[in-house]
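Asker: Residues or ranges marked as transmembrane segment by TrEMBL: 28-50, 70-96, 140-164, 170-190, 202-222, 228-247, 267-288, 352-383. The domain 'CBS' annotation in TrEMBL covers 601-661.
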Amino acid sequence: MLMAIGPYLPLLANGNWPMPSIEYFTAFLAYGGSNLVLAAAAAAICAYIAPAAAGSGIPEVKAYLNGVDAYSILAPSTLFVKIFGSILGVSAGFVLGKEGPMVHTGACIANLLGQGGSRKYHLTCNWLRYFKNDRDRRDLITCGCAAGVAAAFRAPVGGVLFALEEAASWWRSALLWRAFFTTAVVAVVLRTLIEFCRSGKCGLFGQGGLIMFDLSSTVATYSSPDLLAIILLGIIGGIFGGLFNFLLDKILRIYSIINERGAPSKILLTIIVSVITSMCSYGLPWLASCTQCPEDAVEQCPTVGRSGNYKNFQCPPGYYNGMASLFFNTNDDAIRNLFSTGTATEYHMSSLFIFFVAIYCLGLVTYGIAVPSGLFIPVILAGATYGRIVGTLLGSISSLDPGLFALLGAASFLGGTMRMTVSVCVILLELTNDLQMLPLVMLVLLISKTIADSFNKGVYDQIVVMKGLPYMEAHAEPYMRHLVAGDVVTGPLITFSGVEKVGDIVTALRITGHNGFPVVDEPPLTEVPELVGLVIRSHLLVLLKGKMFMKEPVKMSGSFVMERFGAFDFAKAGSGKGLKIEDLHFTDEEMQMYVDLHAIANTSPYTVVETMSLAKAALLFRELGLRHLLVVPKTPYRPPIVGILTRHDFVAEHIHDLFPSLNPHN
């Protein structure tokens, strides 16, 4: 309450406003109470139903497309909480955006389609089973990410480029046109719904068309002093972006300790942040003085009961509160106000400065609570604010409008935090419909990214590392050049014979969490030990469930085995639908029987010789999207396989544990 009481003294000295009364405190209780209820509801469904729905979801989707299958990240329950939690979180007045969650939502929908629906929720379709393989499902989820960006920003081309630049680890020409087709459909559907909502039946959805912040009417002319100002803006964006990522990493680590205590702690943390946000958004506008409405205002001034440029707040008739016009607005309208041109005197410098500090800090403390939240909107708001500040300060030497500086400020902060260039550039151009600003946006993005890269990684890359997801970069680390594949292979190695005893397979599946097992034929099946291939856990479970066992270790024909199974029996299961070894039960007699593994083994697995450079092996592993890479001996008269390289073997922590001298921190 101190936030709302402290500003009274300077406001009374203004002389324009009436004495604060109990009505203002009642209004704050109603406003803060509504926000608190919505925030608690969002946190409750997130904490108890789908904890994986917290945050933007972009780092997790990025890791999934890199080959990391995080638990429940794309489950139907996560999709449900992501949609409704995002609605509640935005409605609760948090400084967050819906754009990141919409990317995650698109990926969840694509995953639901890619796994043939959900048996648990009785949402299945037979034709969708054709997507039940890793490559098609990964491509479908990539298209879902592109669709999420296209729907959030109404930027179809930007959505394709976002999926290419930030989300996908593997890109094919076929995937390019599929993603482009997906975003084109999104644009058409959005346009249809907007036209339907023009009558006002859909609230604020139908306002603005596909161009959200149209700046095309502004003629952007710039000279050498303008370029110097833009370079300065890029440097500021890089510094602020690097600082933002540094502080966010520290805050998220503190939040992770709190969130580990359980759902009640998550809800309590969300409530605390909600109260702080309500106090700031309600109390800070009292610090701003009233401004007389411009005589040439295009829209009603002050605006009452709806979104708009001029919020009356507590000002007398004919006046508006500039800071309240930013706080008490939808995110879209707040950004539109900052981007507006020809309004150089609409906001006081003090109001812009206070708003920037508030959004910067609230964006830091809000991301990481148990609510679906995105970083795009806080970053754009903060960047547009300090961009407008710079534009106003340099108005005497620059011919650019402060609204265009706000656009460039948003671009600089996006480049400094996200470290994306091409996709952000196109998204901003599609948002504003101002192609004349293309060279300046490109310049400010490159400068801010270059400056910020000297401090730390991009925000999503930092979150991936903080969550412990074994993400593989497109390049090998320098220390890998000093190692070979055989150096990081750790044991013990568990192999199966081509015709293996059921009990041995069951024991291996129960005592290990391995997903891949080499199959080696030994005498009397072959003259010398011979590597047959690789069999994965899910296929072993399907084969064991069929109980095609033999009393003698005899090799069977593959056609005989496949008569009992169809190709879709071995398709990748969806979230939570896979068989588990605990679900299978065998008699003592069955445990002594044999099963032929030749029919289900991958007889052409990728292999590397044990003396191959670890750097080359890492690049091969990532570029081919592998889960297992077999290491074979270089010299004869040895067992046919040395070990298996998995994603874990390329993680820096694992290598540094094996070779502490390679750790740069030692």
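Here, residue 1 is simply the first one shown, and the rest follow in order.
Placed from the backbone N, Cα and C atoms, the Cβ positions cover glycine too.
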Asker: Where, among 70-96, 140-164, 267-288, do we find the most CB pairs under 8 A to the transmembrane segment (170-190)?
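Answerer: Selected stretch: 140-164, with the most Cβ pairs under 8 Å.
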Asker: In the domain 'CBS' (601-661), how many residues does DSSP call helix, how many strand, and how many coil?
Answerer: 23 helix, 12 strand, 26 coil
Asker: So which residues does the transmembrane segment (28-50) touch in its own chain, when a touch means Cβ under 8 Å and the partner is 6 or more beyond its ends?
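Answerer: Residues 1, 4, 72, 75, 77-78, 80-82, 84-85, 88-89, 91-94, 263, 266-267, 270-271, 273-275, 277-279, 282, 369-372.
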